[in-house]
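Engineer: This is the structure I want to talk about, given as structure tokens.
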Amino acid sequence: MRFIDEASITVISGKGGPGCVSFRRERFIERGGPNGGDGGKGGSVIFETDPAKRTLFDLRRQKIIRAKNGMPGLGSNKHGKNGVDLIIPVPPGTLVTDQETGAVLFDLTEPGTRITIAKGGRGGQGNKRFATSTHKAPRFAQPGMPGEEFHLKLELKLLADVGIVGLPNAGKSTLISKISSARPRIADYPFTTLTPSLGMVIPDFGEPFAVADIPGIIEGAHEGTGLGIQFLKHVERTGILIHLIDVSQIEPDNPLDAFNLINTELSLYSATLAKKPQLVVLNKIDLTGSMEKVEQFKKAYGTGELLTLSAATGEGTAKLIQILARQIAEHKPLERKSETDHGNK
């Protein structure tokens with residue numbers, strides 16, 4: 001399944017500055033020759049692939065991106081100041097298409113790549129350029145050339161930075177709806193979620209990041225039980241795992257039963273998957289008797305880091321977002337591969 005982040009924008013490069021009509025004005029020289037300078041070049045709009053960028057969130061809010069115009073030429077043959085190029089960072093894997101035709105214009109895959117999307121207009125020539133042997137005092141100059149304007153659609157195949165795993169009914173859908181933009185179907189029975197959901201989390205500090213709610217993994221998932229293989233493939237492509245546990249289901253005689261079951265399925269499917277960083281989160285602490293269950297789990301779990309929260313009430317979710325934002329910032333950005341074959345959507 002593809003998770004697509006999209007943005008529709010208009011990019012406009014800067015107009016060239018007009019040339020100047022000017023003549024030398026010096027003492028004792030009644031009729032100086034033309035000395036109008038050329039106008040400055042308009043600024044270009046440039047896309048640069050930046051591995052620190054994970055989403056198109058900022059571009060979705062901008063809509064119109066406009067570079068600076070070039071400045072007019074000046075007397076004394078002074079060239080007008082060029083408009084500053086506008087460099088827009090985009091995530092690697094961004095596909096740029098024409099909104100009207102759907103034609104693929106650029107496929108930005110390599111970090112650090114710079115592509116001029118809209119070239120700035122050329123500055124107009126000053127009147128000095130038009131002086132000839134027969135027309136020594138031209139009183140006109142050239143206007144600056146207009147910039148370019150394009151209506152673009154940007155697409156990014158998202159790889160979730162964070163995957164939420166846990167047994168059915170652990171509260172994954174409720175949690176992702178609380179901390180992100182995702183709105184999955186939620187009900188109080190197992191297997192409500194039958195397909196992965198993706199939500200964007202906007203932390204107070206740091207870059208937005210993507211969280212995937214991976215449908216309930218059950219015993220035998222690595223062998224294909226339920227939709228096991230399909231779900232585990234999604235987990236494999238995330239960077240960090242939230243291991244979500246329903247405290248109401250913790251058994252006093254074996255508090256780590258659910259925790260061990262999920263980790264066993266992950267390790268049997270892929271050794272790489274089993275080594276992914278995990279943040280253990282105990283959910284539903286708003287329920288009666290939950291804190292006793294939390295203590296039972298902590299005692300069996302040992303000194304490892306874990307977090308308690310209630311996805312239903314929101315208690316503890318702000319802290320979870322802070323921890324995830326910090327952990328993601330400490331890891332290298334996920335490698336993204338752009339796919340131009342839209343026929344397999």
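Keep in mind that glycine also has a Cβ here, set from the backbone N, Cα and C atoms.
Marked as GTP binding site by Swiss-Prot: 166-173, 191-195, 213-216, 283-286, 310-312. Feature annotation from Swiss-Prot assigns Mg(2+) binding site to S173, T193. The feature domain 'Obg' is assigned by Swiss-Prot to 1-159. The domain 'OBG-type G' annotation in Swiss-Prot covers 160-329.
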Engineer: Ten-angstrom check, please: count other Cβ atoms within 10 Å of the Cβ of K172 (GTP binding site), all chains counted.
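Structural biologist: For K172 (GTP binding site), the count of other Cβ atoms within 10 Å is 31.
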Engineer: Counting across all protein chains shown, how many other Cβ atoms sit within 10 Å of the Cβ of N169 (GTP binding site)?
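Structural biologist: Excluding its own Cβ, N169 (GTP binding site) sees 19 Cβ atoms within 10 Å.
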Engineer: Reduced to three states, what secondary structure does DSSP give S173 (Mg(2+) binding site)?
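Structural biologist: Going by the DSSP assignment, S173 (Mg(2+) binding site) falls within a helical segment, counted as helix.
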Engineer: Distance between S310 (GTP binding site) and S173 (Mg(2+) binding site) at the Cα atoms, whole Å?
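Structural biologist: About 12 Å separates the two Cα atoms.
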Engineer: Around the Cβ of K284 (GTP binding site), how many other Cβ atoms lie within 10 Å? Please give the count over every shown protein chain.
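Structural biologist: Excluding its own Cβ, the number within 10 Å is 23.
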Engineer: Given K284 (GTP binding site) and S173 (Mg(2+) binding site), what distance in Å do their CA atoms have, once rounded to a whole number?
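Structural biologist: One finds 13 Å between the Cα atoms of these residues.
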Engineer: Could you state the CA-to-CA distance between S173 (Mg(2+) binding site) and G166 (GTP binding site) to the nearest Å?
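Structural biologist: The separation of the Cα atoms works out to 11 Å.
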